[in-house]
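Enquirer: Sharing a structure below in structure tokens format, with a few things to ask.
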Amino acid sequence: MDKLKIIGNGPLNGEIRVSGAKNAALPILCAGLLTADTMRFTNVPMLRDIATTQKLLQGMGVRVMTDNVHEMEITASHLDSLVAPYELVKTMRASILVLGPTLARFGEATVSLPGGCAIGSRPVDQHIKGLVAMGAEVSIEHGYVKARAKRLRGARIVMDMVTVGGTENLLMAATLAEGTTILENAAREPEVTDLANCLVAMGAKISGIGTDRLVIEGVDKLHGAEYAVMPDRIEAGTFLVAGAMTRGHVVLKNAAPKSMEAVLDKLRETGALIECGDDWISLDMKQRPKAVNFRTLPYPAFPTDMQAQLMTLNCVADGAGVVTETIFENRFMHVPELNRMGANIEVEGNTAIVKGVDKLSGATVMATDLRASASLVIAGLVAEGETIVDRIYHLDRGYEYIEKKLGAVGALIERVS
């Protein structure tokens, strides 16, 4: 099993190209199920979760071509199977996103209840509630969601909670429904907006994009299109935190600064000098970062997927910071590992109190989920001595060539078996 070996060695300096967004690419690839035509996607990150999605779609009978790196062509002219099996869904929660488009276009779908991260229950009840409101018959049998509908019909659906996956599934399903669907309390995340823009490129009629009220007029069919996946705001944020922690100067290319203003604001609060253009971000940190308080909330507030990384910055910051996690339970699994490296973090319920220390010490640590593993990598960049991060298969789900990208800006980091 691969590990990362890191030796702390001072500031990061240089340019990093940000990859396409995993959390946008996954639903956008599933949107290919909505048309018999060929979809061509660019800026697709080469990640474990993308490979899993490719396997899932191919298993259903979709033709997937990946002739060029970061490009993918999908043709779902017919499906051999309307089932998404447990063997694949258990490894990645986003597999549930085939439910809406498959049901809408083919009249039935069977999808295993999801697995994926160990950071909380993340139920799919809002997905099911919405599909039932649109006329589907839905049952849960032997761990599978089974849905049928001759043709979905438009409905007004009020989400009980903000759910990114639920919004995406219902948005895709509504594009082929009869009549108008209104999604109230819809997620506003940039990745949802990216999916909506892709659907519009395919011929969908959607208004309110970027707001919490999406109005979708169903059409009889969608057509093929070419679409570029948006840059990954979480990968970008991770590299910016690494730059700030190491007191370096990093410039991110192919970035989307407007999608991550809450993160940039917090980094400015730590003392970082940040400049942005349309597709680039520059961070320069001259001194020890200042500790910051922050709370995770749905977009446009601070994202839960950046919680572990900014908490890690607090570990070596001047002062103390209070971190409150409101999105997922059980999302402090990186805390014991950071404390093993010399951090001073106390957890009370969904709040962590982080007191900055002068230095961290290298240690062997274990990744528990995708973003926790990223936090341990950036902790290793500033720790004295050698850090070994184990179980980095979590990291490979969401970061493309992280050791190469960090190595190119001065980090001493390598993948070892």
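Note that Cβ sites are derived from N, Cα and C of the backbone, with glycine treated the same way.
What Swiss-Prot shows for this protein is this:
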- Lys22, Asn23: phosphoenolpyruvate binding site (BINDING)
- Arg93, Arg122, Pro123, Val124, Asp125, Gln126, Asp305, Ile327: UDP-N-acetyl-alpha-D-glucosamine binding site (BINDING)
- Cys117: active site, proton donor (ACT_SITE)
- Cys117: 2-(S-cysteinyl)pyruvic acid O-phosphothioketal (MOD_RES)
Enquirer: Given Asp305 (UDP-N-acetyl-alpha-D-glucosamine binding site) and Asn23 (phosphoenolpyruvate binding site), what distance in Å do their CA atoms have, once rounded to a whole number?
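Expert: Asp305 (UDP-N-acetyl-alpha-D-glucosamine binding site) and Asn23 (phosphoenolpyruvate binding site) have their Cα atoms 11 Å apart.
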Enquirer: Radius 10 Å, atoms counted are CB only; among the binding-site residues Asn23, Gln126, which position scores highest?
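Expert: Selected residue: Asn23.
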Enquirer: Find, among the binding-site residues listed as Asp125, Asp305, the one whose Cβ has the highest number of other Cβ atoms within 10 Å in the structure shown.
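Expert: Checking each of Asp125, Asp305, the winner is Asp305.
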Enquirer: Spatially, and counting Cα to Cα, which of the binding-site residues is closest to Asn23 (phosphoenolpyruvate binding site)? Options: Arg93, Val124, Asp125, Ile327.
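Expert: If we rank Arg93, Val124, Asp125, Ile327 by Cα distance to Asn23 (phosphoenolpyruvate binding site), first place goes to Arg93.
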Enquirer: What are the non-local neighbours of Ile327 (UDP-N-acetyl-alpha-D-glucosamine binding site), defined as same-chain residues 6+ apart in sequence with CB under 8 A from its CB?
Expert: Thr296, Leu297, Pro298, Thr304
Enquirer: In whole Å, how far is Pro123 (UDP-N-acetyl-alpha-D-glucosamine binding site) from Lys22 (phosphoenolpyruvate binding site) when you measure between their Cα atoms?
Expert: 21
